[in-house]
Amino acid sequence: MTIRSPEPEVKIVVERDPIKTSFEKWAQPGHFSRTLAKGPNTTTWIWNLHADAHDFDSHTNDLEDISRKVFSAHFGQLAIILIWLSGMYFHGARFSNYEAWLSDPTHIKPSAQVVWPIVGQEILNGDVGGGFQGIQITSGFFQLWRASGITNELQLYCTAIGALIFAGLMLFAGWFHYHKAAPKLARFQDVESMLNHHLAGLLGLGSLGWAGHQVHVSLPINQLLDAGVDPKEIPLPHEFILNRDLLAQLYPSFAKGLTPFFTSNWSEYADFLTFRGGLNPVTGGLWLTDTAHHHLAIGVLFLVAGHMYRTNWGIGHSIKEILEAHKGPFTGEGHKGLYEILTTSWHAQLALNLAMLGSLTIIVAHHMYSMPPYPYLATDYGTQLSLFTHHMWIGGFLVVGAAAHAAIFMVRDYDPTTQYNNLLDRVLRHRDAIISHLNWVCIFLGFHSFGLYIHNDTMSALGRPQDMFSDTAIQLQPIFAQWIQNTHAFAPSLTAPNATASTSLTWGGGDLIAVGGKVALLPIPLGTADFLVHHIHAFTIHVTVLILLKGVLFARSSRLIPDKANLGFRFPCDGPGRGGTCQVSAWDHVFLGLFWMYNSISIVIFHFSWKMQSDVWGSISDQGVVSHITGGNFAQSATTINGWLRDFLWAQASQVIQSYGSSLSAYGLLFLGAHFVWAFSLMFLFSGRGYWQELIESIVWAHNKLKVAPAIQPRALSIVQGRAVGVAHYLLGGIATTWAFFLARIISVG
């Protein structure tokens, strides 16, 4: 009989000193590729260098090494975020009027940048109130700082320094986990352990820690600020933490300590953990006692979730078992095989995460205005508009990224031999039905939604307003949306008897809340104009999905090009001699999808901007009369294309066009410059590569004549490179134009 040594109890999950630290590679551009490492012969080299520098798949086939590189890069990413955040806090500490704003947030505007007087640029320092001259900011940091209980600039300095120290730790961790103690592949594939730690640690303890900070620091400080106490008189955070009597003066249940908790008498704590709903009438933000309660509850939920998965003790869920048990009567093998995909293809994993995070970011955009989480956020219209726009764009990019990485997974990581009759295989087998149906939906939505507008424009031009679709003629009321609004407005009386208001004032039923004579929020009426533009949203979103999904489902093969998987993720055409096979690569679908994403988000932020100015934002007189910024013109004007052009784009562009010579002049220059960037993109998108190559050769001839020819031969951009440069400038130009248009407008009138 053979005697084996006992199995080691502890698995070895890291490798020590796998790769020595060396700066030599920094001096070799393209060290990761044999071809690129030789250096440039033509100008194509620099483009290929940019395209492949972060494409770890192309550097090596070793999944363990790729995983380590990605893991290490995550720490670098966190370091960059912390450095950026530190800069924001430092600006708040060094260059801002935060303390002045804190003492009078309704009259003083936030500013954290003062322009130096160089060649007249100090014109950008507008008067933001309280005798401070600077650029008005719309990031929402001031409101966030107030909500977290920051009362002076020293605290901002300390936080900024702390963030820099943490950034240094992250950079160290990135180096350490690649060069000193690199995790083995098994570590990255241990999904149950990862779920437990991320759920319980990051989300559970993170939320619990934030709830603790809110209860012990934010709530008392904000309670005193709301009562009008001077920020300089308010005790410092550590005093509240160390001296329970201070807290007990504001929240009497603190005097009882933990007794109510251990005697299950939790309702005693209802003075600082509330469930009120609606907004605080002093600040126009959510009740901070509601948000503290929320974070406590979320923390508990995630702590439970972090104990659900099976690791060393043989109890709990196994993700593989859950997936393989997931079969229905009509779904074949169900989710069998997906576990192997998600533990060996980081592109597949990333695609799912981007799709969910993108959707979540868009949900955040909609909640930031309908349930404004920070004090005085709702009445800072510039910040409201900026936060909505920012989160919509970010969400759009993340969703397109999801499709991009799903397609890369299909091309590089999908193994058809291991995926038989599971849901992924079944979707791929009936992809023609999916795409042709989706195409039909797009055509239907496009013709009908656009047709309603065309009808209205025609009737308007013919002087027949009674034949238009509008709230005053032929009504197309969004009855389902109105029903949802109504249900939510009156639900709390049945579902949450102690709540004083519904989750959001936008649902209806409640009164409006005004802060300092400005509307914070009120019930948002929906009518025919919203019904029309909603169907344009449906149309643009479905077309975006059509393009992206077709790119994923046909990434490996199609009737036109059965061997597409061999050509890779990006290729210009299927070789010479096969006409009509250009723009079919998975990369090209992402490229085209980006334009439709841009269409979709543009119409959403235009809808939001005009709707809020027309029906929500405005001032309120002593008699209680509300004057909206554009006087409620959305319902009538937004029913025609001409109305959108005349009463939204043209009417509201006057501020940015006339901004020269004022503190908003930077937006005028940006508006002009970003239009040029956008137009520049068309030069790449509508160009033929041969045209430029001919031009280049003529210019090279002239250089040769003068004996100043370069050693590196100039080359026209490849087709794919040209498209990449084109779409980048198209999006940059379009987004910066919109940014300048929105901010010049809302800072002037808001």
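Heads up, the Cβ atoms here are built off N, Cα and C, so glycines get one too.
The feature [4Fe-4S] cluster binding site is assigned by Swiss-Prot to CYS573, CYS582, with sequence analysis given as support. Annotated chlorophyll a' binding site per Swiss-Prot: HIS675, in sequence order. Summarising the annotation, Swiss-Prot assigns chlorophyll a binding site to MET683, TYR691 and lists sequence analysis as the type of evidence. As annotated by Swiss-Prot, phylloquinone binding site applies to TRP692, with the evidence given as sequence analysis. Residues annotated as transmembrane segment in Swiss-Prot: 70-93, 156-179, 195-219, 291-309, 346-369, 385-411, 433-455, 531-549, 589-610, 664-686, 724-744.
Comparing local CB density within 10 A for the binding-site residues CYS573, CYS582, MET683, the maximum falls on CYS573. For the transmembrane segment (291-309), the residues of the chain that approach it from at least six positions outside its boundaries are 191-193, 195-201, 203-211, 214-215, 218-219, 272-275, 316-319, 373, judged by C-beta separation under 8 angstroms. For the transmembrane segment (385-411), the list of distant contacts is 138-140, 341, 345, 347-348, 350-355, 357-362, 364-366, 368-369, 544, 548-549, 551-552, 555-556, 564-565, 568-569, 586-587, 589-590, 593-594, 597-598, 600-601, 604-605, 608-609, 612, 735, 738-739, 742-743, 746, 750: same-chain residues at least six beyond its ends, Cβ to Cβ under 8 Å. Long-range Cβ contacts of TRP692 (phylloquinone binding site) within its own chain (separation 6+, distance under 8 Å): ALA716, LEU717.
Rounded to a whole value, the Cα-Cα separation of TYR691 (chlorophyll a binding site) and CYS582 ([4Fe-4S] cluster binding site) is 18 Å. Sequence-remote contacts of a segment are chain residues at least 6 beyond its ends whose Cβ falls under 8 Å from one of its Cβ atoms, and for the transmembrane segment (433-455) they are 427, 468-469, 476, 532, 535-536, 538-539, 542-543, 545-546, 549-550, 553-554, 639-641. Counting every protein chain shown, the number of other Cβ atoms lying within 10 Å of the Cβ of HIS675 (chlorophyll a' binding site) is 15. The transmembrane segment (531-549) and the transmembrane segment (195-219) are not in contact, since fewer than 3 Cβ pairs between them lie under 8 Å (pairs 6 or more apart in sequence). CYS573 ([4Fe-4S] cluster binding site) sits 31 Å from HIS675 (chlorophyll a' binding site), taking the CA atoms of both as reference points. A separation of roughly 13 Å, to the nearest angstrom, links the Cα atoms of HIS675 (chlorophyll a' binding site) and MET683 (chlorophyll a binding site). Between the C-alpha atoms of CYS582 ([4Fe-4S] cluster binding site) and MET683 (chlorophyll a binding site), the distance comes to 19 Å. Under the three-state DSSP scheme, TYR691 (chlorophyll a binding site) falls in the helix class.
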